[in-house]
Each structure stands twice: as C-alpha cells, then as structure tokens.
Amino acid sequence: MSSYVIRRLLQGAGLLLLVSMIGFAILHLAPGGPLSQFAAGGDMTQEDLDRVAEQLGLNRPLPIQYLDWLWRMLQGDWGVSYRDQQPVLSVIGSHLGATLELMLTSTLLAMAIGAWVGILGAIRRYSLFDGLATIGAMIALSIPTFWFGLVVIYVFSVGLEWLPSGNRYTIGDESLANRIHHLIGPCMVLALVSTAVWSRYMRSSMLDVIHQDYIRTARSKGIPERRILIHHAVRNALLPMITITGLHLPTLLSGALVTETVFTWPGMGRLFLDSINYRDYPVVMGILMFTAVLVLLGSLLADLLYHVADPRLGANPT
Amino acid sequence: MTQAPARPAAGEDDVLEVRGLNISFHTPAGEIPAVRDVSFRVRRGETLALVGESGSGKSVTSLGILRLTPKPPFCSISGQVLLRGRDGTMRDLVALPEAEMRGVRGRDAAMIFQEPMTSLNPVHRVGDQIAESIRFHEGLSRRAALGKAADLLDLVGIPDARRRLGAFPHEMSGGMRQRVMIAMALACEPRLLIADEPTTALDVTIQAQILDLLRRLQERTRMAVIFITHNLGVVAEIADRVMVMYTGRVVEQAAVRPLFRAPLMPYTRGLLRSVPRLDFAGLGREKLAAIPGTVPDPLEPPPGCSFGPRCGAFLPGSCDTAIPPLQEALPGHQVRCVRWSALTGEAA
C-alpha cells in the first residue's frame, strides 16, 4: 500500500515538473506582459519600465526565469503577486473559502439529484421520465454557462428581484441567510450542468449493472425489488462513480471560471481569470500548480477508494 | 433411472404442472413468441430434462415459471403454472400478485444458472449472499442465517465452510461458485429446483462432480428438478424424463430410455446423431452428423412444421400445411410430427 502511494507520488512529481514547464512557457509566450498595463497608462517612461522589469527579473532569458521560479518553489516560496504584492499562497488562500462553499454545495446537489435521475432513468428505461431526463440533460449540457448565468440574473435578479445578482454576501451582512441567498443563483447554474453529467454517468452505469446475471440471481431468490436495486444494483453501479468523483475533486477547490465571473463570486476561478488578464505570472503559476496537485491527489484518492470499495481489486494496490 | 409414465393419472405427486404456457417478447420488430403452448408436469423426486438448441425456448420456459422474464410491456405470459406450495395446494404462479410471487421465488422454487462466474454479486461475501434469502424468507437474524449458510456450504461439499462464508466470489473457482449457487438455491429447501445449464460453463471433471452433487441432494430432499441442457450426455446421466423443444414448442416428450432408444421426432434423432457417441441404440455406426441449417427466424416461421426446412423426412403436402399437433404416439411418449409412424416403419 505505502509503496504504491510513494510510487504514485513520485510519478506525480515528474508530471508536476512537466506541467510547470509547459505552463510557464505558454504563459510567457502569450502576448503582452505584466509591464504592458504600466506602459498603457502612459505616465511611465521606458527607463521606468526597464527598471521594473529588472526588479521583477523579467529581463532575464526565459529558462533562467523558469529555473529561478522552480528553485524558489521547491523551497516553498510561491512568490509574490504583481498586482497587490501579497504572497501567492495567501492570495490563493483568501479565495479558497468562497470557491469551496460554492463548488461543494453545487456538487452535492448535482450528485444527489443526478444519481437519482440516472437510477430512475435506467430502471424505467425508455419511459416518459427517462425521455424527459435525457432531453433535459442534453439541453443542460448544450447551454453555454455564461448565457445561462446571465439569464438567471436577468430573470431572478433583474426581473423578479428574488435573488442578488452577484457577490458572496451583502457588505455588512454576513449572516448565514444572506450567504445562502447569494449562493442560490450561481449554485443553480453550476448544478445544472453537473446534474446532467452525473445523471448520464449514473444511468449508463446502472444500465450496465441491472442486466448482469447476479441481478437475475437476486430476483430468483425472491428478494424485494427495492433491496435488489439498492443492495445489489446501486452498490455495483456506484463503483465507476468513484473515479468520476475523484476526477471531479480538483474542481471543488479550483472553482468555476465562467460562473464565478458572471456572478462576481470571489473564488478561485475568477482569481485565475483576473490574474491572467493582469499577466500576474506568480499567481497564475501558483494556481496552475495548486490545481495540478489537486488533480493528481484526486485521482490517487479515487484509485485508493476503489480498492476499498471493490473487493475484486484487493485491499492492497500494487 | 426410473421409468416413469409421462402423464400420471393422479396429480397427487405433482410438484409442478404447466398448462398451455405461452411467452412472447414484444420487440420493435414485432411480437416474438418464445414459448408456445407448452404443457408438462414434474413429480416429486423426478428430474425432467429440457433439451433443445439455442433459441428453442427452454431457458425462457424456465424463467417464465418463476416469472423472471422481462415485465409486461416487453414480455407477456399466459397459461397456467401450477406449483405445489408448502401447504400442499397447487397455486397458479401466472396469476399470483408480484408480492406473493417473491415469496415463492427462492422458497418454493429456486433456480441455478449457467454462468457461476457472473451469477454471484462480486461485491458481497458468499455467506451473505446465501444468507440473504434465508433472512428474507424465514426471518432469521443475520447471525442465525449465516450459521445455516455454513451448513449449506458444508452440504454442497465446500471444505472449511465456516471460513469460506467470508470469501468473495472472485476468490473461488467456477466449480466452487456453482456449489455456492446450489447452496443458495437450496437454502429454503425448495420443492422445485430449476437448473438452467448449470454445468455448461464448467470443466468436464467439475461437471461430473456438480451432477453428482445435484443427484445426491435430490435423493436427500426428494425435490423435483427441471434440468435445462443441450448436452444429451448429461441428460442420459441425470434425467428421468426428457422434453425436447424446438422454436418454442414441445416436439417430443418421453421417459429417458425410450427417447434415447427410439426417438420418434426427426429433430430428436438429429440431436442424438450429433452427439459424439456411436453407441446409441438404433443409430449404429452412422457418421456424426450435424443438423443442417439453423433455427428459423421467429418473425417469419415456415408454414406447417417449424422443423420442416431442416428435416430429412420433409414431405411436401403433409408437413407444410398445418402445425402438427402433439400426439400421444406410445403410452407416455408424445411427439409433434405427422410422419412419425411412417418414419418408424421405415426405420424398422
């Protein structure tokens, strides 16, 4: 077990190195740079700009800049944001709460609803419910998130005035009720797509299972249908969901770019977008590495959980 | 092997009586009749073998008895399936409400299947899978049911039964899993055991062990057994009576010896001739021969006898006019062939 985990972590480290190189290269290849906004302001001379570049180390060759970043990173120094001079880790930390709050709520909602829709759809395959669920899922998956977010704001905030149009809470009122009130809109938008995804996965997994021989065996024993479904079918159908959950874990902390932007939600997704716009290299690289680590840990966790949940694989992965 | 008459006059000893069973599947391509007007009886302690090619309706018949075929919009069952209950009365399973039907499955009649590798739930321990039906039907606690499950594993010849309760199916061989399936089926001491090709997926040596086990258990419990197979060697070994099916109909039914010695239906003869054994009486040293052609498309059945297109004795004008009736050719020997007497005359 532990040797497996260590091996996976070592592989992960190699992967992280690769991710950092590619990320760093692409980021610096993008036109513009941290200095272009100062230049656009017009009140800085070329010497000023050169001096800033010198201070930030941006005038060095790219490989040197990368190695410098990598060396500091390995020592635990994530750097300082160009925008507000805050350490990258504390910038990320200050956005994590909002993202986790939004993503966890919408994911739990989506999993609960999606799993049921999928299970019912599989049991009553080709029924009216299944048909509507399938069409609904296709529509939900095809709607662009930014558009749906705007529609929600237009209908519920502008039109009906039921929901706030953005932010995490009204300034000066951080009560739970106020937070929940703000959460409804973005949560609805995010959950819509995830519910669709979850219901489709669950439906196909469930369809695989309910045609298995062991379900027929359970029926031949005279077990009530409800118990067959839960004890025999869903128990098996959930196994592939572990992988999907594991792969989904990173998004819980890396956030939703579009939805957070539309609803001016102060989370990781919006931070990432803003940081890219500002060419805030240390923050972008920080988020990139943070997300990459989460992806690796998520899939490792899913694999380990799989071994716990599926007796065929044995408790000790090798 | 006892020579039992196929149709006993009194039904006191009958465990199961099937009358005019029809099972159809409703598919987008049309209605597919899988089982047509099938009637038979099985008595206490008797083994009836159901024989036929793939698609002959033998498995659907067995699933239909326990109503394990798909639910109504996709499949319909008509006719009567009379099963003797614990109180000794015959109940029609076709008319039974689903909730009561659940009390019959696994208790009055149990089933074992062809694929022991896939018929056990991979995520549950075998002990719990055996105990499940005991707990449900007899209301025992998990602990008591597991105790009974251990006895059952012991009964079906699994060594170190108590420890094996905690094993998962993947930790067992195919033969062991089939033993677990048998233990599971016998858990509530059913009067009827339906075995749907229980040895087909197993090695020959394991096959013999499982057949032996089934025979031993039947002697002990006097349960009736319906044994579905396409292996005529197995039939000769285990059955008292044989029912041959083709395209969903019974085409011949007789006690095992008369059927092997003097099959009346050309289809049965073809089946016997395609067995790689040369010592069947009446077949002499003929070459091993497969039946030509394949089972007809159920959506476009041939006119008259459905075996006609593949039959060597096909006679235009008499075989392709109407579906031949199932007639009592000899006492206890029924055949669905208009030419059986002419053909036995030729053979003699």
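Placed from the backbone N, Cα and C atoms, the Cβ positions cover glycine too.
Taken from TrEMBL, the feature domain 'ABC transmembrane type-1' applies to A:96-306. Sequence annotations record features per position, and here TrEMBL assigns transmembrane segment to A:12-30, A:102-123, A:135-160, A:180-198, A:237-263, A:283-306.
Stretch with the largest number of CB pairs closer than 8 A to the transmembrane segment (A:283-306), among A:102-123, A:135-160, A:237-263: A:237-263. Long-range contacts of the transmembrane segment (A:135-160) within the same chain, counting only residues at least 6 positions beyond its ends with a Cβ under 8 Å from a Cβ of the stretch, are 117, 166, 185-186, 188-190, 192-193, 195-197, 199-200, 256, 258-259, 261-263.
Using a Cβ-Cβ cut-off under 8 Å and counting only residues 6 or more beyond its ends in the same chain, the transmembrane segment (A:180-198) has close neighbours at 101-103, 105-107, 109-111, 113-115, 117-118, 136-138, 140-141, 143, 145, 148-149, 152-153, 156-157, 163-170, 244, 256, 259-260, 262-263, 265.
Here the transmembrane segment (A:102-123) has Cβ contacts under 8 Å with residues 129-130, 133-134, 137, 183, 186-187, 190-191, 194-207, 210, 229, 234, 237, 241, 245, 248, 251-253, 255-256, 259-260, 265, 267 of the same chain, all six or more residues outside its ends.
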